[in-house]
Amino acid sequence: MVIDRRKALLFGSATTLRLLLFFAFPSLPDLLTGRVEISTPVTSFKRLQEGLFLYTHNVSPYDGGVFHQAPLLLSLFALIPSSLFSPLTSLLYIALDLLCANALIQIAESGEAGSSRLFTSPRNELKWDGIAIGAAYLFNPFTIATCIGRPISVFTNCAILYAIAKAVSGKPMSSILALGLASYLSLYPILLLPPLILLCYDRQARDKKETPPISTFAIKYTSLFFATKVWFLYISNILTGGSWEFISSTYSVQLLLPDLTPNMGLWWYFFIEMFDSFREFFLGVFWLHLGGYVGGLCIRVRRQPLFIITTLLGIFAIFKPYPSLSDTSLYFAMLPLYRHIFPLMRYTFFAMATILYASLLGPAFYYLWIYAGSGNANFFYAITLVWSLGLSEIVADSLFAVLRDEWEVERPEMKGKDVRQI
Amino acid sequence: MMAPGTEVGEGDRDYRLTLPAKSSKKPPPELSEGIRVRGLVIVSFWAVVIFLGLPVWLWTTSIHRARLPLQEMLDWADGKACKPTFPLQIAIEAPLLQDAEAAHLVHMTQHALDDLNEFSAHHLRLRLAKSLSSPSRRNASIPESQDLDIGQVFQSYEDLDDRDDSALTVRLRAQDGIQAARSALQSHSTILDVAYAPNQIPSVSSSSSALATFIANRLQELFAEEQAIIAYILSQSAAGIQSTSHSPYVSPATASGSREIRSRPNRLINPEMAARLASRMTRSLKYAPTYHITMSLFTPSASPSSWQIESALAEYLTPLLDSISAVSNFTVDTQVQLYATFSPSVHAPEHDADHGVWTLQEEDLSGFINAAEWPLSPSIGAGPTLNFVLYVPDQTTSPLVVKGSQASSWLIPQWGGVVILNAQDANTTSVGSTLSKEAIRPALLTFSHQLLSFLGAPQTPPSLPLQLQTLTRIRAASLLLSASSTMGSLARLTVALPSIAIPETVSTAVDTTLSHLRYTCNALKEGKFPEALENARIAEAEAERGFFEKSMVGQVYFPDEHKVAVYLPLLGPVGVPLIMSALKELKRMWASRKAQ
């Protein structure tokens, strides 16, 4: 009961804070909705409203070339009565945040981060409990800004967190379904499928003490995943009146990057500058670069599948086509699960300083470029480079720390000593 | 920008830890498990590169070059595929002659014509018309009471159609009391009336006839200008070929061959004629499928402030535009501009007391249009714009004419025409500040003449339908040549720049162009000129579309060195760790195999 009371207190205070921000500062949601750091062309709440307007007026929402989001979201938001649209969507997004936090708490309490089937960290005792991790998520300013700005990536994040939570509680079926939803909403989570299957497999093998061969397990759940996806697409097809038009305006927009609105990522500037004839080639290169890490990580960190997912989420936050603060907040939600490796990280101060520097200067440089006119695109692009540098520093450093943690099991006599990579 | 990412990749790959260098202790040997994992990781990265990266590279950067019929295109450009000929059918109606007589006359006239004609591509073919009157003449022997049966009516319709095919109809009429034959061209139809004295009819046995010679001379005279223009166009195109003959595909022999073919018409045109034609060509506008006509009323004062242009256009200009619509389409808009002043560089009109007129200096005419202040837009939409300006001078400086020639209208090459409408002409018909339809009639008639000369219509013969027919042939010829030379340029471009992409659309456009060029050439040979023009227009449009295909032009200036600059900055940071780790791993495998 003690834990429940703490949880209730956490959720209550997080809700209060968000309600306060929503209703005491009525202009804040619209301000944040318009920020490029929060709303990308594929997740923007404004575009969702546009699509919703068209949808409720019986016009195909994909006609205008503005709306790039999945059709299921339309039918969800169409349920909300328009007279109470703003307050009810606020409540919906608050509820989503709480759901995310709940999933995180489940993941934390499963203890998967410190001790998986194949590996138990020698620093296992050093960890934060679920409530603390939930609080770190709920009171993260990035998360709060994302919640107020209401991008639809919150739905994706929630689905990903639930996929992980179900996986660590030994329910592979629901886990894969949740991942299917996530990748239906925004394509890229499909790359999480291999580590998630590994995670499900490890968890099931540990709990049931009987191990089916991993290949049959993988085939079974991969086909389940694709069946889920096809089912979602089929439902969408029915919802949009039997047309497949939505595929080209949702998934191919993410794949082919036709909208080069500035965002925090690295793609937009590059593709503005790129010669047209090389555009397709470099789209391929960028996507392969994003996907290329999956195989290497799955092999190298095979013993800690949850960490593969965490690192991939970090990589997505840097290298995916339309990244936003909500992707960063998801990575920062998963990272505290690895409290025990923090002492092994070497550049925490540098990385955190870079992140802070970029998050303060980013909006300023954007303002200089777009509104004041005294800067240019390079200003903003430079600061997004710094931001990505900070994030990749954290990703690389945490990877180093986890590998060193594994290595110390192999060679206990090296604990606490300085090491060097050769 | 890839550096942070590759660090992640490298970090998990080359992960081996050891003591700091100051400790001299050797690191313990790696576990075989570690080596195996590292190998797998390297393989997994390389698998992505080889199985996904390479196909993507090949697929996205391959240059799609659709097959083009290069040789055929060059043949067209060199004039080897088609030698345009212009056989003009001329019908001779001789209702009063016996068939044999008439045939003999036609035969002799044809002989005389062939002797006169030096330009073989353009020749006149005479034939005896089964004219409407001739069957009825024969029917005259049939009793009057018998009605014409249906078949005969059809027959006469076919005759009508037959006549449509011919460029000109010569109607022979016997007239008593004249010494020599005389002729009159009807100005609104394609009929040449020839009156002859009845005794001029050559007998079937005679070998020469004054009448035949007269008709031949007259016909040759009528079509002399057209022949000259066509010869000029053909020789211009031959000159164009000579200047481009240093292309890899045209060997010197073929180039000189084509020159020989084309240089024959040159003899036809004397230098004076050539200069006249050249100046006319520079004056007329480049062909376009659509022209915009802007009719403007300019006045330096407040009146007249309106004109009945809509009805005037409908009455005086639209019929002309309709009849040229086979050649080009036109859109017309109108505007009125009050208080339009001259540009400062133009001298103010001077009073000429002798004639009681105000005069403009001739050298000022080119600056008469105040381009800075008068709202005459250079071009609206796709086609070129023709500006026709009606200038109504102020009461105080009226009448206004050009000094010397006393003319009140002139034409600005490639741009449009100007007419000064002097008030005393206008006063009679204008009501208040509105220019009536009748007042602007003379101006519109001048504009119509100017329009025809902008389109490149010949000055002679005086019959408008004949002029339009000539225009059809001239346009068909010049479009045929222009589309052919575009084909040649496209073929040479394709050969010269092996790195440009040739999309399917270009190949389709080339095919369409070539097939329509063939139709045009055949239609010209058969004397079906409207059909030839129609096909030539399609060919020209398609040729231009193919040549100026956007995706093709984009890559023209992209040398191979630039590709290094494109690939290296991005792929370098990714490639170096990938290649280095692969080499290291291979070295290690080599060493371990050697050790065994």
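For all residues, glycine too, the Cβ spot is worked out from N, Cα and C.
Note: TrEMBL annotation is automatic and uncurated.
Remember, it's a predicted structure, so these values are computed and weren't measured experimentally.
According to TrEMBL, the feature transmembrane segment maps to A:7-25 (among others).
As annotated by TrEMBL, transmembrane segment applies to A:72-96 (among others).
Beyond the transmembrane segment (A:176-198), the same-chain residues lying 6 or more positions past its ends with a Cβ under 8 Å from any Cβ of the stretch are 42-43, 69-70, 72-73, 152-153, 155-156, 159-160, 162-164, 166-167, 217-218, 221-222, 224-225, 228-229, 231-233, 236, 251, 254-255, 290-291, 294-295, 297-298, 302, 305, 308-309, 312-313, 316, 320-321. The transmembrane segment annotation in TrEMBL covers A:176-198 (among others).
Sequence annotations record features per position, and here TrEMBL assigns transmembrane segment to A:218-239 (among others).
What TrEMBL lists as transmembrane segment is A:281-299 (among others). Beyond its flanks by at least six residues, the transmembrane segment (A:281-299) meets 188, 191, 194-195, 198, 255-257, 267, 270-271, 274, 305, 308, 311-312, 315-316, 319-321 of its own chain at Cβ-Cβ distances under 8 Å.
For A:306-324 (among others), the entry in TrEMBL reads transmembrane segment.
Among the features that TrEMBL reports, transmembrane segment is placed at A:344-367 (among others).
Below 8 angstroms of C-beta separation, residues 262-266, 269, 300-301, 304, 307, 310-311, 314-315, 317-318, 328, 331, 335, 338, 341-342, 344-348, 350-355, 357-359, 361-362, 365-366, 368-369 of the same chain, each at least six residues beyond the ends of the transmembrane segment (A:379-403), sit close to that stretch. Look at TrEMBL and you will find A:379-403 (among others) tagged as transmembrane segment.
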Highest-contact recorded stretch vs the transmembrane segment (A:218-239), from A:72-96, A:306-324, A:344-367, CB pairs under 8 Å: A:72-96
